[in-house]
Each structure stands twice: as C-alpha cells, then as structure tokens.
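Trainee: This is the feature table in TrEMBL:
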| type | residues | note |
| --- | --- | --- |
| DOMAIN | 140-349 | domain 'Peptidase M48' |
| REGION | 1-30 | region 'Disordered' |
| TRANSMEM | 67-86 | transmembrane segment |
| TRANSMEM | 92-114 | transmembrane segment |
| TRANSMEM | 235-255 | transmembrane segment |
| TRANSMEM | 261-279 | transmembrane segment |
Amino acid sequence: MTSPSKDLPFPPSISTPHETSAPGPAEPYAPPPSYVLLPLGPKESSGPVAAPSGRIHLAKRQRQMDTAAVGTLLLYVPNFLCSLLVMGLVPLALGTAGLLVPVAWLLSGILVFWRRAESFIAHRLMKVRRPTPDERARLEPAWCAVTARAGVHMDSYELWVEDSNDLNASTATGHILCTTRFALRHLPDGELAAVLAHELGHHVGGHSWSALLGQWYAVPGQLVWRGVRTAAARFLRASGLFVTGLVVPALAVLAVMMADALYGLPFLLLATPYLIAYVRRRGVLRADRHAAALGFGTMLVAALERSQHGERTGLNELVTESGRTGKEKGALHRLLAAHPGPRTRIHHLVPFLETAG
C-alpha cells in the first residue's frame, strides 16, 4: 500500500559499466579492471545520470522490525539485566537519593531516538562526520535514486561519512546513515547507490536503532565487568604462584555457584557476543536483499567484487574491516565479525540476480 503521490524527484537512472540494457545470461564475476584512487570517485566511469523528473510514491510504512532487529533486542536482554542489577545497587550505596540514578538510566534510552542526541553519539562516540560539500554533491544524486525507488523521503535520514577503507560503514544511529570514505573515492555512482541502498536496508529493517539501544543499556554491566576483570588480573600478577593456585579454583567454584543461583545467566553472557555477531551478519545479508529488491543487486555485486579483489591482492586501501585480509583472520575473529566476507555476500545475492534476470 502506498500513500498519495507527492512532488518528489523520480529516481535518476544510474547506469554503470556492470549494467546491461537487455536481459541475458549473467556474465561471470570478474574484478573491475581499474582501482585508481580518485579525489572523489570515478564519476566519469559510472555513466550518465538523468535529471530528476516526475513523481514518486512514498511507502506507507517507512520502517519496520525484521527478525534480525528482534533477535538483536532479545540477545541484549541478558546484558540489560546485568546492567539493571548494577544500577540497582546504586541506591544501596547512596540511599534514597540514589533511586534517581536507575530511574534516569532507564529513561535515558529515549535519547537514542532523539536526533540531537544521535548527532552527538555519532560524532563523539562513533567517530563519523558530516560530508564535505564535494562529498555531499557526490552523494545526493545517488541517495535521490535510492530513496525514490524505496519510497522513502530523502530527509528521513542524514548522510554522514566514516573515514575508513571498508566497503560498508559500521552501524550508525536510527536517523543517520553512514557511508565510507572508500565508497566515495573508489566506487562509480551506480555502485555507490547500491551501497547506500544496502545501508538503507539496515535502517528500514530496524537493525541500526535496535543495535544502538541494546548497546546503550549494556554499558553499565560491561563497565563493571571490565573493572572486575582488570582488578583480578592485577591481583593475580601481584600474587605469588601459590596464592594464585588457591585463588583461581576458589573463583571458579564461586562463579559456578553464582551461575547456578542466576539460572545460568553468566554463561549465557559469554556466548552473547558470538550470537549477536551472527545475527548482525544475517542482518547484513537481509540488507543486501533489500538493495537487490530495489534493483541495485548487480551494482552491489560489482562493489563487493572490488572488495574481494582487494582482499586477494592485499591492496592497502581495499582490505577488510579490521585492517587485515581474510586469510590473516583467526576463527574467533571471524565468529565475532559483524559483516560476512564479500564471497559469502555475493553467493547469497546470486539467486536474486538470476530471478531479476
């Protein structure tokens, strides 16, 4: 269902070297021929961009919660309970006046949905920035095409830039959509639009705000856990071998007793980071499908091929998120990765390309 049309620009027709004008057999995926770093991206290689004209229909439901968003919130429940326990101890130390602390903490989650607070979080904590005038001029035509096809108003989200050499930006706030310096400098217009369509998929599906809300309420428990872990490590280093041999088994027994009293919650917390990472990887694949459904599947595959080619060749500007190539990553690092590898993402996109063709 769509609402009555509004006078908004129709999606510009973005053509790239990877697009074809008539359906036919899909060409085998091959690395793009050139990876020359340009000041603000190879616009001349992306083909003409038509002037906006006509009308579009805005989707009635601009946002929703998919299974990845729901799963993220559920997996953060143990962290929330631990933080609630920590905040519940504050009144015991401060008395009646301390009751304001846990109440204020519970209400502070509203800040995640306030645009001014989002800007502060994005700039100060996530280290992303607003685009320069040249970057904005590069982003707006591609963003216009994406939002028009998706039926989303352009002003629903702010475009920010993450100064990284990754293909996709890390998850931003609910109303801030991030792209990367790599995407702006290396991708043609069509592939840049595909990356923006992918990021929009995270926001439309509720991935961004659900992850931020879960992380927000997990902070008190995480801070206490880090403090306890640091204090324990310093104590064990300062203690002799004999004392360490007595303390470690005692702590292990105490941990088992606490886990039993708390119905296994501490053990669940140990597995939570891996489960959250798995759900986030599934969310990335869902965002890829969102981009493909908008007609950007072929261009997204082309962008992923650039990233995959960079991993194989070891180019400094084309390495994966941690700054290391896929071969250098250990098993635990891969389990904690927020994004699947380019090969995995291309594999899951191929059926949608075949259907579209």
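Every residue, even glycine, has its Cβ placed from backbone N, Cα and C.
A description of the local structural setting of each listed feature is requested, covering burial, neighbours and distances.
Mentor: Residues 102, 105, 205-207, 209-211, 213-215, 217-222, 224-225, 265, 268-269, 272, 275-276, 279-280, 282-283, 286 of the same chain, all 6+ positions outside the transmembrane segment (67-86), place their C-beta atoms under 8 angstroms from a C-beta of that stretch.
Using a Cβ-Cβ cut-off under 8 Å and counting only residues 6 or more beyond its ends in the same chain, the transmembrane segment (235-255) has close neighbours at 266.
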Trainee: Note the mean pLDDT of the domain 'Peptidase M48' (140-349), expressed as a whole number.
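Mentor: Averaged over the domain 'Peptidase M48' (140-349), the predicted model reaches a pLDDT of 83.
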